[in-house]
């Protein structure tokens with residue numbers, strides 16, 4: 001075993017760092033390359049910054065080109081309509097007779 005130089009920092013000691021640089025490969029050999037590779041690749045833990053997901057903003061020009069929603073009459077609820085409908089003449093005759101009562 002080689003004697004350790006007390007003047008060197010622990011991360012610069014011989015054998016403390018692998019001979020090859022870290023890479024982006026996720027094979028088994030590269031996952032066990034060093035402790036950093038193992039935590040990043042093997043365990044999937046990274047302590048870097050998280051990128052914010054940007055929201056899609058609509059530009060002002062695209063908002064001007066939007067067509068307004070046309071107003072449509074409310075649809076009648078479905079069902080048997082024969083009993084609900086009365087002729088206009090019946091309704092008019094009832095309203096005129098109610099006015100004189």
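Just so it is clear, glycine is given a Cβ too, placed from its N, Cα and C backbone atoms.
For 1-24, the entry in Swiss-Prot reads region 'Interaction with human CREBBP', with the evidence type sequence analysis. Under 8 Å from some Cβ of the region 'Interaction with human CREBBP' (1-24) lie the Cβ atoms of residues 30, 33-34, 36-37, all in the same chain and six or more residues away from its ends.
Residues or ranges marked as site 'Essential for Tat translocation through the endosomal membrane' in Swiss-Prot: 11.
Annotation comment: Swiss-Prot describes 22, 33, 34, 37 as Zn(2+) 1 binding site, evidence class sequence analysis. Residue density at residue 22 (Zn(2+) 1 binding site): 14 other Cβ atoms are found within 10 A of its Cβ, drawing on all protein chains shown.
Broken down with DSSP, the region 'Cysteine-rich' (22-37) shows 7 helix, 0 strand, 9 coil. Summarising the annotation, Swiss-Prot assigns region 'Cysteine-rich' to 22-37 and lists sequence analysis as the type of evidence.
Swiss-Prot lists 25, 27, 30 with the feature Zn(2+) 2 binding site. All protein chains considered, the CB of residue 27 (Zn(2+) 2 binding site) has 10 other CB atoms within 10 Å.
Here Swiss-Prot flags 52 as asymmetric dimethylarginine. DSSP assigns residue 52 (asymmetric dimethylarginine) to coil in the three-state reduction, outside any helix or strand.
Per Swiss-Prot, the feature ubiquitin cross-link maps to 71; the stated evidence is sequence analysis. For residue 71 (ubiquitin cross-link), the count of additional Cβ atoms within 10 Å of its Cβ stands at 5 [all protein chains shown]. The DSSP secondary structure for residue 71 (ubiquitin cross-link) is coil.
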(message) Roughly how many Å lie between the Cα atoms of residue 33 (Zn(2+) 1 binding site) and residue 25 (Zn(2+) 2 binding site), rounded to a whole value?
(response) 10
(message) List the recorded positions among 37, 52, 71 whose C-alpha is within 10 Å of the C-alpha of residue 30 (Zn(2+) 2 binding site), in sequence order, or say none.
(response) 37
(request) Do me a favour and check the Cα-Cα span between residue 37 (Zn(2+) 1 binding site) and residue 25 (Zn(2+) 2 binding site); whole Å is fine. (result) 10
(request) Report, in whole Å, the straight Cα-to-Cα distance of residue 34 (Zn(2+) 1 binding site) from residue 27 (Zn(2+) 2 binding site). (result) 13
